[in-house]
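Visitor: This structure is in structure tokens; I'll ask about it shortly.
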Amino acid sequence: MSNKFVITWDNMQTYCRQLAEKQMPAEQWKGIWAVSRGGLVPGAILARELGIRHVDTICISSYDHDHQRDMTVVKAPEGDGEGFLIVEDLVDSGDTARKLREMYPKAKLIAVCAKPSGADLLDEYIVDIAQDTWIEQPWDTSLSYVEPVNRKSK
């Protein structure tokens, strides 16, 4: 992907607050299920903004930084998702979103960003991103990309 879209911490906070506004009234939600790992930070921000204390994770592995690979469900809450917000940072190809819809047909699926291939699978999102654009999330960057600690000195 030749194009890059960098999201700062300030941008992420703003986008998540906008997404939270669309989820009001907060009392309608039993909790938030954040999709690990990209949905963890947005999920935490939404939990704060909505005053939700019940936060859990859905652990689906399909990326290794910038390489998509086979999808593996590592951890999944039980139930059909009724009353829960499922939070992602980004819906790209839509593969993960399709899997989430299959697993939790009654949940509300939301994301901060969406690319055209997956946008229709979401109930709501904030930022449109071109399909050929790579997103650098604030937790992946400083002034430039920083390798995670566990990848140094290997």
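A Cβ is built for glycine as well, from the same backbone N, Cα and C atoms used for every other residue.
Annotations per Swiss-Prot:
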BINDING   Arg37, Gly38, Arg69, Glu88, Asp89, Leu90, Val91, Asp92, Ser93, Gly94, Asp95, Thr96  5-phospho-alpha-D-ribose 1-diphosphate binding site
BINDING   Arg69, Asp92, Ser93, Gly94, Asp95, Thr96, Trp134, Ile135  GMP binding site
BINDING   Asp89  Mg(2+) binding site
BINDING   Asp92, Ile135  guanine binding site
BINDING   Asp92, Ile135  xanthine binding site
Visitor: Within its own chain, what residues at least 6 apart in sequence put their Cβ under 8 Å from the Cβ of Asp89 (5-phospho-alpha-D-ribose 1-diphosphate binding site), listed in sequence order?
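Guide: In sequence order, Gly38, Gly39, Val41, Pro42, Ala111, Val112, Cys113, Ile135, Gln137 meet the Cβ cut-off.
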Visitor: Which of these binding-site residues has the least crowded Cβ, counting other Cβ atoms within 10 Å: Val91, Ile135?
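Guide: Each of the binding-site residues Val91, Ile135 was scored; lowest Cβ tally within 10 Å is Ile135.
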Visitor: Around the Cβ of Ser93 (5-phospho-alpha-D-ribose 1-diphosphate binding site), how many other Cβ atoms lie within 10 Å? Please give the count over every shown protein chain.
Guide: 13
Visitor: Using DSSP with the three-state reduction, classify Val91 (5-phospho-alpha-D-ribose 1-diphosphate binding site) as helix, strand or coil.
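Guide: DSSP call for Val91 (5-phospho-alpha-D-ribose 1-diphosphate binding site): strand.
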Visitor: Tell me, by DSSP, whether Ile135 (GMP binding site) is helix, strand or coil?
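Guide: Ile135 (GMP binding site) sits in a strand per DSSP.
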Visitor: Find, for the listed binding-site residues Asp92, Asp95, the residue with the lowest Cβ contact count at a 10 Å cut-off, counting only other Cβ atoms.
Guide: Asp95
Visitor: Return the residues near Gly94 (GMP binding site), defined as same-chain residues 6+ apart in sequence whose C-beta is under 8 angstroms from its C-beta, sorted by sequence, else 'none'.
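Guide: Non-local contacts for Gly94 (GMP binding site): Ser117, Gly118, Asp120, Leu121.
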Visitor: What's the CA-CA gap between Trp134 (GMP binding site) and Val91 (5-phospho-alpha-D-ribose 1-diphosphate binding site) in angstrom, rounded?
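Guide: It is 12 Å, counting Cα to Cα.
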Visitor: Taking the Cβ of Thr96 (GMP binding site) as the centre, count every other Cβ atom within 10 Å, in any protein chain shown.
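Guide: The answer is 27.
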Visitor: At the Cα level, what's the spacing in Å between Arg37 (5-phospho-alpha-D-ribose 1-diphosphate binding site) and Thr96 (GMP binding site), rounded?
Guide: 12
